Amino acid sequence: GKNEYDLLVIGGGSGGLACAKEAAGFGRKVAVMDYVEPSPQGTTWGLGGTCVNVGCIPKKLMHQAALLGSALKDAQHYGWNISQPVHHTWSVMAQSVQNYVKSLNWGHRVQLQEKKVKYFNIRGSFSDPHTVRGLTKAGKETVVTADNIVIATGGRPKYPMQVAGALEYGITSDDLFWLKESPGKTLPSFILYVSLECAGFLTGIGLDTTVMMRSVPLRGFDQASTKYLQMASLVTEHMESYGTKFLKRCFPTKVEKLKSNRLQVTWKNADLDTEETDSFNTVMWAVGRAPDTKTLNLETVGVKTNSDTGKIIVDASEATSVPHIYAVGDITEGRPELTPVAIAAGKLLAQRLFGQSSELMDYDNVPTTVFTPLEYGCVGLSEEAAVQRHGSDNIEVYHAYYKPLEFTVAERDATQCYMKMVCLREREQRILGLHFIGPNAGEVIQGFALGIKCGATYPQMMQTVGIHPTCAEEVTKLHITKRSGLDATVTGC
């Protein structure tokens, strides 16, 4: 018999929904199957995936809450009469953020309905390459057959299972954004960027926050060889100066619940070779994410995965090892784990399947930003990657320490506001990467990303007239090279 749908998408996150809606636009019969397994702490949410529910959206809104707290302090220097002390109420912020997220959940449901995409709130698994079975909450079996199936189930936070009590007493980012009451004194443990982002806004709204970092911060971002010019180090230095505490080269060994309901954490300090303890209201793990594939039954149909990461192996067209089964987004091996990447890949896949397109997703020069209190945005290669790829003699790095104008009247420390442009040294000096630490880094990098995607060169950047007075204009004035050893501090305007 004939399959019921032209396309079944498993996973209702950014990439899956984009793919489903694009396919429906071609008049195809499409279904989406999505199910949120409650976190170990019982947190659950609606349609829309990680970004909408427990990622980018609530994170940026809580980051904004912290920025507003900083702005209140600055405001006094600008003549505003703000009565002190200012106080933040977690429950008000959380309710507002959660209400907005729920409106997005509803919006996705409405969009699927409008596009005549069938929505199954079911956790499914493959029984053959064209058939997925699942149970409804009421226990009724549903069988869905489709000519093409796209896996877009993304990932879920991992727990450090070697730490006693980690699962029983710790939370992850899956839980933090849905807490009704303040997490209080918090320990985000391990140093993935989500840990720094959460620590940043928790400190910013006035909570006692300590980050436990076993190794380098922001692993996978820029780690240049000179310590003081590492972008990641500058981010953490700024956070430290604004009140976030760091336990460096430490790793937890156990978490215990005290009679007071506080959590006592024991950790090993690798530098001192000592065992230390402290108590916290909340312990949050940020040890990475695992592909959400365990219930899909991929082995039965022969979909190949990377045995180390568990991610699905795909080719340039997002095809898996099984004909007519595809995968997009964070579930796929070697792809940037970013919402816009999943959306673009999902749309292009639907266009190739049903729209006579042959355009593939281009994964080079994807811009991104870490929403720490002082934001870090980048596009293209890190300095380290550029040196590895082209050799240090063939790389020129232009850099500058600058002071945002808005920091001056408020007398804010701008020591960590820094940017660098990584270029090839050859005559054309093509820009390989741009890195920026400062206010609104995402907005700055998004603008320059187009030029770098189009192959912009250093001379072209120097011919670009800056908008005065902005932080971004400093990129168009970069002229000091690291190689020269000259002071890279911007003076005057």
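Yeah, the Cβs are placed from backbone N, Cα and C, and that goes for glycine too.
Positions annotated as domain 'FAD/NAD(P)-binding' by TrEMBL: 5-346. Mean pLDDT, taken over the domain 'FAD/NAD(P)-binding' (5-346), works out to 93 on the 0 to 100 scale.
Annotation source TrEMBL lists disulfide bond at CYS51-CYS56. Residues within less than 8 Å, Cβ to Cβ, of CYS56 (disulfide bond) and separated from it by at least 6 positions along the same chain comprise THR339.
Cβ environment of GLY124 (FAD binding site): ILE10, MET33, TYR35, VAL132, ARG133, GLY134, THR142, VAL144, THR295, LEU296 lie under 8 Å away, each six or more residues apart in the same chain. Annotation comment: TrEMBL describes LYS60, GLY124, ASP330 as FAD binding site.
For GLY288 (NAD(+) binding site), other Cβ atoms within 10 Å of its Cβ number 14. Residues or ranges marked as NAD(+) binding site in TrEMBL: GLY288.
The annotation active site, proton acceptor is assigned in TrEMBL to HIS468.
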Cα-Cα distance maximum in Å, computed over every pair in LYS60, GLY124, ASP330 that the record assigns to FAD: 31
Separation of alpha carbons, LYS60 (FAD binding site) and CYS51 (disulfide bond) (Å): 10
Between HIS468 (active site, proton acceptor) and GLY288 (NAD(+) binding site): CA-CA distance (Å): 40
Distance, LYS60 (FAD binding site) to HIS468 (active site, proton acceptor) (CA atoms, angstrom): 27
